[in-house]
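Record features, source TrEMBL:
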- D150: active site, proton donor/acceptor (ACT_SITE)
- N7, E385: Mg(2+) binding site (BINDING)
- K14, H208, L209, G210, N211, G212, D283, F284, R285, G331, I332, G333, E334, N335: ATP binding site (BINDING)
- R93: substrate binding site (BINDING)
- H182: site 'Transition state stabilizer' (SITE)
- R241: site 'Transition state stabilizer' (SITE)
Amino acid sequence: MKVLVINSGSSSLKFELVDMTNEKTLAKGICERIGIADPIFTYKNLVKGTKIDKQQVPMEDHSVAIDLVLKTLQDKENGVISGVDEIDAIGHRVVHGGEYYDDSVVVDDQVIKNLEEVAALAPLHNPANIMGIKVMRKLLPDKKNVVVFDTAFHQSMKPEAYMYALPYEDYKELKVRKYGFHGTSHKYVSETVAELLGKKDAKIIVCHLGNGASISAVKNGKVVDTSMGMTPLAGIMMGTRTGDTDPAAAFYVMEKRGLSLKEIDTRMNKKSGILGVYGKSSDFRDLEEGMEAGDERAKLAYDMFCYRVKLYIGAYAAAMDGVDAIAFTGGIGENGADPRETICEGLGYLGLKFDNAKNKERISGNVELSTPDSKVKVYKIETAEELVIARDTYRLTK
Ligand code: ADP
């Protein structure tokens, strides 16, 4: 059985074809700048090792982009299948499932209706995700489509964790509450760690540190709390997002700078975080280079980032009455030895003993970064969001 994983954004579309008999990726790629000038297509055939590197191809909309993906997958030279019949089902990443879904779901008309209703909560993401599903249903009407939500894994949170202390009617009428995101990563990483620990009821803190970043507390396989909120703006500091900020600070900046709602939204989502404080880049590697060159704002942004992650680790150890393991994942979590060390410094009070030397070795795969006698284990785990989507699609359609 082969599953095509689609992650459809407003102007980009990532795809991956996975063979579920051995969970190997056969081909993957990305369509970028769909519907804007100079669209680019990148594709890798992982069976033969061939690739199409940043080719300029006209892609005026998602329908053209998906058609190109399907044609390339069947292409004589670069393809990995002889016909679309070999694709058994399609798994779609959808950012927001609202309160409707605590698990992935097979698409039907009602699901589309629910997603459209929830789109108000994720106006930047859900409409683009829905577009991908609609195009796929049109191009391959006989295939089953499955939706895998970023929010679903977090639906196990209790009201005291997900409610905001706003007037209750804002929750009842407007569905304003914490939902949490990156759920596929938090699920995969916490399950992997529970397996490594050989303990199903483990208390695990997952630090997904990428350009977007979030932390979750997972106890007995269920999310107790997570750092992102109603939207991905909340929680720790990110590449371009503020993370937790006094909302009144936003009102004040709006008033003083005469900004509209849309402008303050853009400022907090796209111009803040590491980019906002450092001023030169949102990329963590650039930040580390800046720091090495003696840039004080780079050092400040680095310190703020690590401090905030550490605060959440303390909070989530408290939320779970302890912690068995802390896992680092995402681009920064998997590759950034320095931030891992800075974050774990001073966590001895939890019973954590960090192995600084092992942390510096560049070992690929999943690696234990705590000493053998550490009460709290630390791991670097390579996340696999596409694989979770493929697995759920397989589970619901096989
Ligand atoms: P997203 O999926 O949210 O776009 P990623 O998980 O790909 O983000 O992470 C991107 C981040 O990872 C960037 O800030 C990048 O600089 C950082 N990163 C990648 N490699 C390293 C490294 N070797 N050291 C530190 N940070 C790294």
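The backbone N, Cα and C atoms fix where each Cβ goes, glycine too.
Nobody curates TrEMBL annotations by hand; they come from automatic prediction.
Since the structure is predicted, the reported quantities are computational estimates derived from the model, not experimental observations.
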Quiz item: Using Cα-Cα distances with a 10 Å cut-off, which of the binding-site residues D283, I332, E385 are near H182 (site 'Transition state stabilizer')?
Solution: E385
Quiz prompt | Intrachain C-beta neighbours of N211 (ATP binding site), sequence separation six or more, cut-off 8 angstroms | solution = M238, G239, T240, S282, D283, G331
Quiz item: R93 (substrate binding site): which of the recorded positions L209, R241, R285, E385 is the nearest Cα neighbour?
Solution: E385
Quiz item: ligand 1: which of the recorded positions K14, D150, L209, R241, E334, E385 have a Cβ closer than 6 angstroms to it?
Solution: none
Quiz item: Given the recorded positions D150, E334, and counting only Cβ atoms in the protein chains shown, which has the most within 10 Å of its Cβ?
Solution: D150
Quiz item: What Cα-Cα separation, expressed in whole Å, is found between E385 (Mg(2+) binding site) and I332 (ATP binding site)?
Solution: 16
Quiz item: Given the recorded positions R241, R285, which one has the fewest other C-beta atoms within 10 angstroms of its C-beta?
Solution: R285
Practice problem: Please give the greatest C-alpha separation between any two of the ATP-binding residues K14, H208, L209, G210, N211, G212, D283, F284, R285, G331, I332, G333, E334, N335, in angstrom, as a whole number. | Solution: 23
Practice problem: Only counting partners 6 or more residues apart, tell me which same-chain residues put their Cβ under 8 Å from the Cβ of L209 (ATP binding site). | Solution: I236, V309, F328, T329, G330, G331, I332, G333, G336, P339
Self-check item: Least buried by Cβ count (within 10 Å) of the recorded positions K14, R93, H182
Solution: K14
Exercise. Among the binding-site residues listed here (I332, E385), identify the one with the smallest other-Cβ count within 10 Å.
Key: E385
Practice problem: State the three-class DSSP label for D150 (active site, proton donor/acceptor), counting H, G and I as helix, E and B as strand, and everything else as coil. | Solution: coil
